[in-house]
Amino acid sequence: MPHKHKKSNVLKNDALGIEKKENPPETPAILPATNYKEIRENETDALRSIYSTDFEDVEVRQAAWHQASEVAFKLHLRASSNPDVSVVLLVSLPATYPKTIPNLTVQGLDDLRKGAKSRIKDVIDTKPKNLLGSEMIYELALSIQDILEDVAISQAEDKDMPSLEEERIVQEAAAIQQAEEQKQEERRKQEQATAEQEKALQTLIESKIKQRQRVKEQVSRRRSKVALEHNESFDSSEDSSDTISFDPPLVMNDYDERPITFQAVLGKTLIASAPHKATFTVRPVSPGNGTRVPLLVLKELFIREKGSGHDIRQEIRASEDKLEILKRLKHPNLVDFIGFKIYRPPDPEAFHEGTWHIYTLFEYANKGSLSELLDMVGSLTADTARPWMIQLLDALEYYHRNGIVHGNIHSGRVLLFRTQSNNTVLKLLSGVEEALPVPSGAKRTLTSSQSPFWIPPELTQRGSQPSTKTDVWDLGIVFLQMSFGKDIMQRYTSANALMRAIDLSMPLEEMLGEIFRPDPKKRPTAFQIQPSEFLRINAPLLEPSVASNSIPTRRRSRLDSQAALPSFSRYGQDFDEAGRLGRGGFGQVVKARNKLDGGFYAIKKISSKSGIALKDTLSEIMLLSRLNHPYVVRYFTAWLERDCHAIDEEAVSSTEANSHHPEDDVDFGYSASGLDFISSKGYPDIEFGYESDGQDHTDIASEESGHHRPQSPSKTDEGSNLQRQRSGSSSHIVTTTLYIQMEYCEKHTLRDLIRNGLYDDIQFSWRLFRQILDGLSHIHSHGIIHRDLKPDNIFIDVANNPRIGDFGLATTGQFTMAVRSSNVTDIGGNYTRSVGTTYYVAPEMKSVSLGQYNEKVDMYSLGIIFLEMCHPLQTAMERDRTLQMVREKVHTLPSTFEVPEKAIQGEIIESLLSHRPSERPTAAELLQSDKIPLQVEEEMFRKAIMGILSDRNSPDYNKILSAIFSQPPRKFEDIAWDMDARGTPPVTEVLLQSLVKEKLSSIFRKHGAIETTRSTLFPRSEHYPSGVVRLLDPSGNLVQLPYDLTLPNARSISRLDSSIEKTFTFGTVYRESIHGGAPRGHHEVDFDMISHNTLDLALKEAEVMKVLDEILNEFPSLRSAPMCFHINHSDLLDAILSFCRIKPQQKPLVKEIISKLNIGPYSIQKIRSELRSPTIGVASTSVDDLARFDFRDSPDKALKRLRTIMEGTEFTDRLAPIFARLNAVVSYLKGFRVKRKVYVNPLSSLNDKFFRGSVLFQCVSDTKRRDVFAAGGRYDSLIQEFHPKVLYSGNQRHAVGFNLGWEKLYLSMSNYLKGSNKAFLKQGETEISGIWRSRRCDVLVASFDPSVLRTVGVGVVQDLWAHGISAELSVDASSLEEIITRYKNDNHSWVVIVKQDSMERGLKVKNISAKEEYEVRSSELAAWLLSEIRVRNQRERLTNAGKPLKHLYHRESSVLAGEKDPDVRILTAIHRNKKMNRRNIIEAAIRESRSVMDRALDGPIAAIDTRDDILEALRDIRLSDPDRWRTLIQNCPLTERKYMAQVHEMLNDLANERRDPQDGKEKYKNAFIYNYRTGSCIYYDLTRSNEK
C-alpha cells in the first residue's frame, strides 16, 4: 500500500520538467508555446508510479478529428494507519489543464462522518482555485489523505464508538423496530377493538338468548300453573255435601291482605236455614296458605222447576248476567261478593223437573249483622249512627251509579266488620236473592204486626218494581232502627208517625222528611242525601231541650244530645291562615298552610245562618272531589262547622234580607290583596232541584219553595202544632260555615296569556287548547258541567300547563234534567255581574224556553275562549264588538281566520259557536278528530305516532316507514335470529320426506288432481286472532305469511278463473315465535275439489274424505292405527250455541276454544275453565248446557239425542235439513267402501270460520288421547268473502278440501321404520327393507384402488347413468367392510366392486339386503341391474299392498290389490249338469269366507294359564255340557281345579254377553282362548248346544 509522502519541491519541479535557476536572465526571452498534453502525461505518469495499484485509468471517448482529449483516472486514497478508511478520487483533466480546473469527484463519502465529508468537499471546492496554473492533483490527493488519516486516528481513539455504517444500521434497525412496534400496537388495538366488539356482540347474543329463555320459562311456568290449577281444581261432579267447586278460579285476600286463588270450598257448617235457602260457613281450599285463609259465607239457594224447563232456563240465564254484574262491584262498604255457581243436578227420575242449586260466596262478617247488634243493644248513639249511615249511603250511591237496584235493604243485610285497626265498618250485602227468579210464595210481605205504611208507597201498586227510590226508603228505615230501635215498625204505624211522636232535632227531621217523601219523583237519591246537614255536623238526634226528658222508647239512655259539647274547629286546629286571596258577599277565599303536611291550600269559606242553604253546595263539592286530572284544579275535601258564640260579620250572609251589594262580590281584578281566583258567587242563591225522573215543568214549579220542612201525611193542624213545639228550640241563631279545601294555584290565568299576545304563538295556543280539551273531557266524563268556563277560571301553572278551576256554577247531570225559569234568570244575572262573563254563556242557558242543557254549554264557552286565544282584541270596545258579533246566530268570524295558518282554528270555533247544541262537538270528539295538530312532546309522543300510523294519507306516514326500513342491520340479531332453528336434518329424514311426498302425490293424481302453488304473502286477514306471522312492507301494507293453505286458495279461487277442478299443494305454514326470532314453519299439504255449480256437493265432500281414507291405507304406520272421522255442520253448531244462549260476540271465541275439546289434554273441564275465564266470561248455565252436546254418535242416534235435548224449542226444526246433508255424505262414503267409523260430533268446530253454512270434518286418531290427523270442510262462504261482486262477475264457485300436516305422517313413518312400534319389531327383514326404505341411489360403485376408481369406476358409473340407473362413486376405501360401514345409513341395494381388469374379467356385485355376491360381465351390468331393480320394486309393492287392514276397533274387509287369492276348490255334484260360472263361485266363496273370518275376529279373548293338553281337551267340550266340564275339572291337578272352574264361569259370562241388551242383536259367536303359559291359542264356539 502506498505510504504518505512528504512534500518535495524537487519532485515537483522534476515532475514538471522545469530546471531551477537562481539568476534568471534579466531580459525576457521569447517563451515557447505550452504543451498541455505533455504536462498531463507527465503528471499522470508520476501519479501512476506513486500510487501504483491504487491508480486506475479511466477510458474516455475519443475527440473528433483525433484531437487531444481529456485524461481521466481514479485514485484510491487511504489512511496510512487504517486502510479501511478510504475514498475514491475520480479525476478528469481537460485539454487546457492546468490552466483549467480539473473535474474532480470523490466517491465513498457515505461511510464517513459528517465532519470529514464537509472537509473533503471543502478541499475539492476551494483548493483547485488556489493551485490554478500548476499541477495540483497530487496536492489535492495529499490533502484528502490527511483528512482520512485524521478520521482513522479518531476511530482508533474512539474504538467503542460505532461507525457511521454501524450507526446507520442501528438507526435503520431502530426505525424498523419502531415501525414494527407501531404495527404491533395498531394490531393490538385492532385486536382489542375486535375483541371488545366480539365481547359486546357475545353479551348482546347472550342477553338475547337469556331473554328468549326467560320468555320460554315464563310460558312454561304459565302452562305449568294452568295445568296445576286444573289438576288441583274440583270437578263439578265431585261436589259433595261438604265440598263445593267453582269456576273460574276465585280470588280473595287472606288475613295478611295477600291475594289467594282457589276453586273450591269445604267444611260446610250450617249457621242459618229457611225455605228455599241455607247459609253455611266454609273455608277456601288453598294448600299454600294453611290456616291464614279466612272463613267465607256460602249461601245455597234452591229454585224448583215445574213443567217445561226452557222458561226457567231463560230466567236463570238472565239471573246469571245480573250476578256477574254484582260480582264485579267492589266498594269498601259493600260485602265482597266473591263468586257464585249455578248448578242443576241430574234428575234421572224426572227429566223435565229438577231443582236448580245456586251457590253464592261472600266474605265473612266477623261482627255479625246490624240486626243482631240491635237485638242486643236496642239503639245506637248519634255519633255511631251518623258515620254508619254515611257508609251505607256511599255503598248505595255506588250501587245506583252502576245502574243496579238493590231491592230489599233491611238491617239483616247490613253486616259489621272489625278491621285490624279495631274500627267497625258497615257493609251492605248485595241483593243476590233479588237477582234470581222468585220462587213460589217468596214475595216481599209484611208481618201481621207491621203497618203497610212502612212499605214504599209506589210498591203498593200492582206490577210495580223496586227502584233506586225504594232503596232510599228502605235505607231510611234502617237508619231509624239504628237510632230508635229495631222494633219501630211494631211501635209506630209509619215513619211520619215516628217523626210526629218524637221531638227530633231540626237537621234530622229535615233529612228524614226528604227520605220519606211519598212521591218517588221528589224523593232524593242516595247521592243527594249525603250533604244533608245532619250527616255533616254533630247534630243530636233529639232537640237539646228535650234530650234529658224521657221519651217512650226502649233503652232511652242510649239517646243523647250534644248541646253541651265544647266547640271544636277543625279549620283552626289543622290550618294556619297565610292571607286572604278574595272576598265576597257570601264568603271569602284564603291561603292556608296545612300543619300536617306543610303544603299550601286555597280554603273557601262560605257561611250562612241556615245550614239548609249550604247543602247543595256541599253536594257539588263532594262531586267535584272525584275529579283527579293534571289539567283540573283538585278539590280535596269539604266540611261544615257550627259556631254558636261568634259570628264573622264579613263571612255570614243575612237570611233576613235578600238584597246584596255589588261591592260585596269577590273581586276578580287587580288589587293590593292579590288575585281572588276562586269565585264564591252562586253557591247560596243558586237553587238546585232534585232529580226529576222525567217530571214536567209543572211538577218542578211546585217545588219553588226550596228545602222546606216536609209535611207529614196527617192533617195540617197536626203539623202546625208540631211546628209550634219546635219554636222554642230554634230561636237561637247558629252560624254554619262550609270549608272547601282546594289545590292552591299561582296568580296566573289564561287571561294573562291572552293579554300578553298568546295569539301570536300558534303552537303554544294549540297546546293549551288541547290540554284544556283534555281536562274538560275528564270533567264531562264524570257527568259534571262547569257552566262558568272563561279565561279567568283557567289557571296557568309554572310549567305553562292549564288548570281548569272555580266550579262556582258547576253541576252534575243529576241536577240538569230540568232547570227552573227562576234559576235561569238568576244565572243570567250572575253572569252579567261578572266582568266579561256574559260573553261565554251558551244561548240555551239564557233562553227560558229551552229549559234543559248539557255539557255542550261548556263547549260554547270554549269556542269564545279559543277565539280570544287566536285573534287579537286590543281594546275593550273592539273585544265587546267582536264577541257580540260572533255570538249572533248568523255571524262571520274575523278575517284573521281566513289565512291558511288559522283556517282550522276558524273551523273549530265555528263548530263550537253553533246555536244548536247537537251540532257542537264534545271535548272527546274534538280530541279524537284530526283537526288538532299533535305536538311531539313526551306525553304526546305515543298518541302522535299512533295517530300518524293510523292515517296513511298523513305526510309523515311515509317518513316514519322510511325511517323504520332504513335501520342498519344488527349483527347480534342476525346471529340470534335462527339459533333456535333445527339444524339440517339427516339424509335419511330428507329421503323419507321425499318418499312421503311422492306417495301423497300419487294418491292425489290417482283422483285426477294437479299440483299447484299457493301465495306465500298476502294482506293480513282478520280470521286469525293470534299466532299469525305479520309483516310490514315499505309501503305500509300489513301482510302475513300463510297460517294455513286454505285461505290463500280461497283468495285465488275467488279472483282467478281456472278450469282446474282438483288440486293439491305442498307448502309451509308459519306460526309466530313466542320469544322472537325466526317464525316456526310447518309442512302442510292440501287437497281441494272446486266446482262451478251446486250439483253433487255432498258427493265431492265424500270423495275428499275418501282421499284421506286412502292415505291411511297407503301408509303402513297408519293402517293398524285406530282412526275415525268426525263430521259436523256449521249450522248445527250455530244452533247449539244459540240454544245454549251464547252471546253473538262470544260465539267466535267459543268456537275456537271448543275446537280443542277432547283433543289431547283438553277435557271438558279444561274447556269449561277457559270458557268461564274473565276474558271470555261465558255463563255457567250456558257451559252446562254446552256440555250436554259433548258426544259423538252415528247420524241417526245423534239426531235422536239432539231432538231430545232441544225438545220444545224452535231449534228442532233446523235439524232435518242439516242431517239430510250429513246423511248424504255418509251414504256416499259407504258407496266408496270407506270402512272406518264416521261419527256426528255436534261440537266439532275446527276452523268453523272457514266453513260457515256447510259441512266440516276431521280425521281423528281414536285413542284415549285423541289427536287430529287432518281437517277440512266446504269453504264456499270464504270464497264468497273474497269475491266482491263490484269487481268480479261470474258464477259463484264452490270448494271443499282438507289440510294435512304431513310432518305427523312423516314422523309416524320414521318411527315405524326405526322399529319403535312393537308390532313392527315382529316383522321380518323383508318388510323393513321394503318400499319405504329411503335410498339416495340404488348402486354404489367402489374400488380399493383410488386410481382405478377414478378411471374404470368413472366409466362404469357413467354407463349406469346412461341407462337410467341411480348410482354414485364411493370414497376411497381399503375393504368392502369399510365401504358398507361408511354407507350403512344410505341403504344402497347393490355395491359394484371395480378392479383393474374388471372390464375383461367381469365385475363383482354384492346385493346388500340379500347378502349375496354375483359376477357380472361389464357389458351386461346395466341390463342385469335393471332386471334386478324391477324384481325388487315388484316385491316391495306386493309386500306393501299385502298388509292386512286390521286394528283394535275397525277392520277393513275388502280384498286388497296384490294379495294372493285363497285356494278355492269346487266339487260339482254328479247329477248337476247345468253350466256354472266358476269365477262367480270363487269370488262369492272368497267374500263369504272373509266375512266369516271378520265376524270371528270380533270375538273376545280369554287369556288363561294352564297346560296345552288341558287346553286341547277344553276345545272339544261344549259350554252347555256340564258333565264333560265336571269331568275335565276332576281330571285336572288338585291345585288347578278351582282355577278351571273359574275359566268355565268366565266363558259362561262371555256367552251371556254376546247379545246387545238394547236391540238383542248378536255381537259375536265365538271366543279365542289364549294360554299365556305356552303361547298356544284355540278357537272356541260359544253357541254350541248340548245336542248330540
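Cβ from N, Cα, C; glycine included.
As annotated by TrEMBL, region 'Disordered' applies to 1-30, 175-195, 216-245, 694-730. Annotated domain 'RWD' per TrEMBL: 42-151, in sequence order. Here TrEMBL flags 180-195, 216-233, 694-707 as compositional bias 'Basic and acidic residues'. The annotation domain 'Protein kinase' is assigned in TrEMBL to 255-535, 575-941. According to TrEMBL, the ATP binding site annotation covers Leu581, Gly582, Arg583, Gly584, Gly585, Phe586, Gly587, Gln588, Val589, Lys604, Lys605. What TrEMBL lists as compositional bias 'Polar residues' is 711-730. Annotation comment: TrEMBL describes Asp788 as active site, proton acceptor.
Within 10 Å of the C-beta of Arg583 (ATP binding site) we count 21 further C-beta atoms, all protein chains included. Each residue contributes its Cα atom, and for Val589 (ATP binding site) and Asp788 (active site, proton acceptor) those atoms are 18 Å apart. According to DSSP, the residue listed as 'active site, proton acceptor' is assigned to coil rather than to any helix or strand. For Leu581 (ATP binding site), other Cβ atoms within 10 Å of its Cβ number 23. All protein chains considered, the CB of Gly587 (ATP binding site) has 30 other CB atoms within 10 Å.
When DSSP labels each residue, the compositional bias 'Basic and acidic residues' (180-195) comes out as 16 helix, 0 strand, 0 coil, counted as helix, strand and coil in that order. Helix, strand and coil counts from DSSP across the domain 'RWD' (42-151) read 51 helix, 25 strand, 34 coil. Distance between Cα atoms for Leu581 (ATP binding site) and the residue listed as 'active site, proton acceptor': 20 Å, as a whole number.
Cβ contacts within 10 Å of the residue listed as 'active site, proton acceptor', excluding its own Cβ and spanning all protein chains shown: 25. Under the DSSP three-state reduction, Val589 (ATP binding site) is assigned to strand.
Around the Cβ of Lys605 (ATP binding site), 23 further Cβ atoms fall within 10 Å across all displayed protein chains. Val589 (ATP binding site) is surrounded by 24 other CB atoms, counting those within 10 A of its CB over all protein chains shown. For the pair Gly587 (ATP binding site) and the residue listed as 'active site, proton acceptor', the C-alpha distance works out to 18 angstrom.
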